[in-house]
Amino acid sequence: MMFKKKRRWHCLSGQEPTELDKKVMYWENKGKEVPTRDLIRTPEEIEGIKRSGIVNTGVLDEVAKQIHAGMNTLEIDKICYDYCVAHGATPACLNYEGYPKSVCTSINEVVCHGIPKEEDVLQEGDIVNVDFTTILDGYFADASRMFIIGKTTPEKEQLVRVAKECLEIGAEAAKPYSFVGDIGHAIQKHAEKYHYGVVRDLCGHGVGLKFHEEPEVLHFGHRGTGMLLVPGMVFTIEPMINMGTWQVFIDEDDEYGWEVITGDEKPSAQWEHTFLMTEHGVEILTH
Ligand code: MF3
Ligand code: CO
Ligand code: CO
């Protein structure tokens, strides 16, 4: 019996294959992982995600204005919630798979998904990731930044800087018709120059019509692996870079089972943007 592999990519019915179709089918025939057609956003959807990205950037800019030593992370949650709702949007994190707050605030050894709480008071020298996702008219935009509270150590300062460089270098590696693995490879290479650990258990993701879509965007790995990157795809890159081991675990003290901390409790840093793949490279939608 003949076994015919199901195609992922389909040309639009009744139309001649475009240049884009031909490139995708070329790679699919070579056995590479390619997106399905529904991961390619329409111009209207892209406009929607851009508008969501503008609100999301406004949220993080508002945090940047107000964050200071002595403030607790529940106050950050309120700033984010209020700004988002005042701009006609909804915080995607709130009640997402049981997550109890509107934003993630991850301090020092907390890698990600830190839950805002009154007891978590920001101290001089802390490094904090604030990660917010907006839903506007059904469109999702996701980004995070690091904030240094007052003055920190040169070691933590370097970690925050290199994590940002990892995001930039990953975005630079994301060329049209390259592969998700090219992004991860570039990030891992940069981080490991500093003997930092790249978190493997969590990754970037497609985003736009849902919070987490295909593809998985690993921040480590090999060139030419993972999904083909095609113009019209929207996804995050969000490397989590650890000062020590790349290994992480769920904090036992977190009753919700969300908070991720480093295996050696050394600090971790992360930056995230939502990107649109174009014919020329990526465009940041959460500037
Ligand atoms: N914003 C995170 C991401 O970058 C996801 C947070 S999910 C939450 O994918 F439930 F913890 F908020
Ligand atoms: Co995020
Ligand atoms: Co994300």
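For all residues, glycine too, the Cβ spot is worked out from N, Cα and C.
What TrEMBL records for this protein:
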| type | residues | note |
| --- | --- | --- |
| DOMAIN | 47-279 | domain 'Peptidase M24' |
| BINDING | HIS113, HIS212 | substrate binding site |
| BINDING | ASP131, ASP142, GLU272 | divalent metal cation 1 binding site |
| BINDING | ASP142, HIS205, GLU238, GLU272 | divalent metal cation 2 binding site |
Next item on the list: Could you find out if DSSP has ASP131 (divalent metal cation 1 binding site) as helix, strand or coil?
Entry: strand
Item checked: Pairwise Cα distance for ASP131 (divalent metal cation 1 binding site)/GLU238 (divalent metal cation 2 binding site) [Å, integer] -> 10
Check: Taking the binding-site residues HIS113, ASP131, HIS212, which residues show a Cβ-atom distance to ligand 2 below 6 Å?
Finding: ASP131
Checklist line | From binding-site residues HIS113, ASP142, HIS212, GLU272, the one whose Cα lies nearest GLU238 (divalent metal cation 2 binding site) | finding: GLU272
Next item on the list: Counting other Cβ atoms within 10 Å, pick out the least crowded of the binding-site residues HIS113, HIS212.
Entry: HIS212
Check: Given the binding-site residues HIS113, HIS205, HIS212, which one's Cα is the least distant from that of GLU272 (divalent metal cation 1 binding site)?
Finding: HIS205
Check: Whole-number Å distance between the CA of ASP142 (divalent metal cation 1 binding site) and the CA of HIS212 (substrate binding site)?
Finding: 10
Next item on the list: Tell me the Cβ neighbour count for GLU272 (divalent metal cation 1 binding site), meaning other Cβ atoms within 10 Å of its Cβ, over all protein chains shown.
Entry: 22
